[in-house]
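Since the structure comes first, as structure tokens, the remarks are kept for the end.
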Amino acid sequence: MRRFAAGCLALALLVLPFVLTGARAAEDESEKEIERYRQMIEDPMANPGFLNVDRGEVLWSEPRGTRNVSLETCDLGEGPGKLEGAYAHLPRYFADTGKVMDLEQRLLWCMETIQGRDTKPLVAKPFSGPGRTSDMEDLVAFIANKSDGVKIKVALATPQEKEMYAIGEALFFRRSSINDFSCSTCHGAAGKRIRLQALPQLDVPGKDAQLTMATWPTYRVSQSALRTMQHRMWDCYRQMRMPAPDYASEAVTALTLYLTKQAEGGELKVPSIKR
């Protein structure tokens, strides 16, 4: 019996490298297929994410709310109604609110103050689903696309921005949940993988952070939907078995500012496409 068990163990150890190699090869082939798909839809008219861009453009100029006005006077940091380059410089401090805000937070504020709109329904269901679009995702896609080709650059010029960055850094390394995970568990070192998928290192400035942050929002092929960084944060927390962060919360803004700072110099290519 011992000889049989030993033989089985030896056989398993012999076969295991080939199994892992085969699985990794399959994963690599999947990545190649996605890359081929990306190349096929370089034409904006072929990327499904641009349907969100088109819907967002309509929403931006559509009169809504109790005041029946559009969002075209909303100041996203570059001046009222100016969209080019705005997304590349967010999150940032806004003097009229006394807060550091990301795009979603700022949009919700503009809806409430300019349009007189109740944003609770938008916050309650911020992400699209089967048979349901999302105004927030569409607006983010449209506005982000106006910064396509612009290099990421966020300021840490005010005390509020510096404090928010420090909070984001602390959140990135904070271990929690039943798994004792943090963002750094997956993204705090080079060469990590999960289910044989490469994980970008996001705790230091560099190419990984640039390629990651510069390609959101993105059309997710596996979900047949456009997803924003807000959704990516929500999904990461879900996978870590942590309570979901509130949509457009200061915690998400802080973490986004920290990650975006690591990605400075990266050229936005949005909406992109991912698996």
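The backbone N, Cα and C atoms fix where each Cβ goes, glycine too.
Note that the structure is a prediction, hence the values are computed from the model and not measured.
Taken from Swiss-Prot, the feature active site, cysteine persulfide intermediate applies to CYS236, supported by experimental evidence. If you draw a 10 Å sphere around the CB of CYS236 (active site, cysteine persulfide intermediate), it holds 16 other CB atoms from the protein chains shown.
Cβ contacts within 10 Å of HIS187 (heme c binding site), excluding its own Cβ and spanning all protein chains shown: 19. The heme c binding site annotation in Swiss-Prot covers CYS183, HIS187, CYS236.
Applying an 8 A CB threshold to same-chain residues 6+ apart, the list for ARG232 (substrate binding site) reads TRP216. In this structure, ARG232 (substrate binding site) is part of a helix by DSSP. The substrate binding site annotation in Swiss-Prot covers ARG232 and rests on similarity to another entry.
Residues annotated as disulfide bond in Swiss-Prot, with experimental evidence given as evidence: CYS74-CYS110. According to its DSSP assignment, CYS74 (disulfide bond) is coil. Taking a C-beta cut-off of under 8 Å and a sequence gap of six or more, CYS74 (disulfide bond) has these contacts in its own chain: PRO80, GLY81, ARG106, LEU107, CYS110, ILE114.
Marked as domain 'Cytochrome c' by Swiss-Prot: 163-263. The domain 'Cytochrome c' (163-263): residue composition by secondary structure is 47 helix, 12 strand, 42 coil, according to DSSP.
The signal peptide annotation in Swiss-Prot covers 1-25 and rests on experimental evidence.
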### Task
Show which residues of the chain containing CYS183 (heme c binding site), separated from it by at least 6 in sequence, have their CB under 8 Å from its CB.
LEU171, PHE172, PHE173, LEU202, CYS236, LEU255
### Query
What mean pLDDT score does the domain 'Cytochrome c' (163-263) have in the model?
95
